[in-house]
Amino acid sequence: MNQIMAFTSSSLLLFLLCFFQSLCLYSVSSSPNKPLLLPLTHSLSLSLSSSSSSFPSQSYLLKFSSLRSADRFHSSRRRRRQLPLPLAAGADYTLSLTISSTTVSLYLDTGSDLLWFPCSPFQCILCENKPLYSPPLPPPPSSHPLPCSSLLCSAAHSSLPISDLCAAALCPLDAIETSSCSPSSHPCPLLYYAYGDGSLLASLRRGHLSLISSLSLSNFTFACAHSALAEPLGVAGFSRGPLSLPSQLAKLSPFLASRFSYCLIYHSFLPHRLLRPSPLILGRSSTISFTYTPLLHIHKNPFFYSVSLLSISVGRVTIPASSQLVSRGMVVDSGTTFTMLPGEMLRRLAAEFQLQMGRRGFIRATGAEERTGLGPCYEYGKGRNESQRVPAMGLHFAGNASLWLPTRNYFLGFESEGERVGCFMVISGGDEAEGEEDDGGDDGGGGPAGTLGNFQQQGIEVVYDLEMGRIGFARRRCGELWDSVSRG
């Protein structure tokens, strides 16, 4: 209250207008253009406080995450409209938000455009042994159903006409014709979302979203799920879709929504590496140095953050990317663990990597390949000298943007059945990505040709510059970045 009293008269007037109209963002910060720092928590770290006495081995987590990455990638190309399935423990990052006094932990997902969470009564099918960090609560009491006449209701239902949606909500014909359907009596119909290997049914609602205690967004549209298949947690969608958190925030605070970034602390699938949060920064400064590549605009997948991959370097050898990776691009995704490439492209990349590893004296470890589903794998000792023998790997994007990955982002050393091994951490998306049949569009295929997963993004600040239509990369020490931004 003391801070509000310190506002200038014009600022106070704006605040009161926003409050009574219930449709804008307000902040008691005296610096409206100051970046907002939020903590991301890896799901592995949540296992530290779990009642379970045992923690899965690295080999298990690697194989499990590679399978789930493949499921998510294939679902993104198969379905016209889907909510990609967030990966379970060992894969994704969670963000805590408060919606109309209800605090929820949600997976951050730049590959989907909806914010949803479970609401009681809640039924989750095939959710045994999956994390449920807090019991579902009733729908936030101060929230209300989204009207069937809302444009966001139409956006959620794949742009169906509002008249069709209000008819499904049993609104009388005369009210449909005069656009006077009662919001309370005729809410937006239940939303069915299919994703990866599961699905959900949810009601769309509006309420106050609080990013921090001093920053609130009213009339925020979210989904309250009462039944789900295979996923007991919710998602905070950060894609380019109209329902995503950045899209809704942009209407009221363009500064915070126009540029956001995250920097994922390296974890190596070991929970003790995750004692510090990874920073998520809304309103990232445009003066910070990044290497940028332009976003692709794909008609069939307009919400994805897709970029054109031109080639990949292994040591001094450059391997041209397949035509699909150039034209349809690869998605920069926070919700997929491993980078996925079309099968033929990965075979060329792995063959060159295997050739150079053999020349450097590394010995294949086929047993580790069978246990993890990754490959090629090699006997791999500890120490800096060993990692320096691994050939360098760089991704080259459109716009003369090159990203040279830290060795541990694409070649991970770990213990497997009593032996120390290292495995190549890029996996196949299958050959169908190379020759996928088109369904009549002009994009050369049904979806993205590859995915840049969050494992390969560790130790790299990734900025999503929505204002300029580009993605930026910069090598960072993510813990130090958290410290510097939090100090202001």
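Quick reminder: no glycine exception, Cβ is built from N, Cα and C everywhere.
In TrEMBL, the cysteine linked to C423 by a disulfide bond, out of C377, C478, is C377. Ranking the recorded positions D333, C377, C423 by Cα distance from D109 (active site) puts D333 first. Non-local contacts of C423 (disulfide bond) by the CB criterion (under 8 A, 6+ apart in sequence, same chain) comprise L62, A368, E369, T372, L374, G375, P376, C377, Y378, F411, L412, F414. Summarising the environment of D109 (active site), the number of other Cβ atoms within 10 Å of its Cβ, over all protein chains shown, is 29. Counting other CB atoms no more than 10 Å from each candidate's CB, the recorded positions D333, C377 peak at D333.
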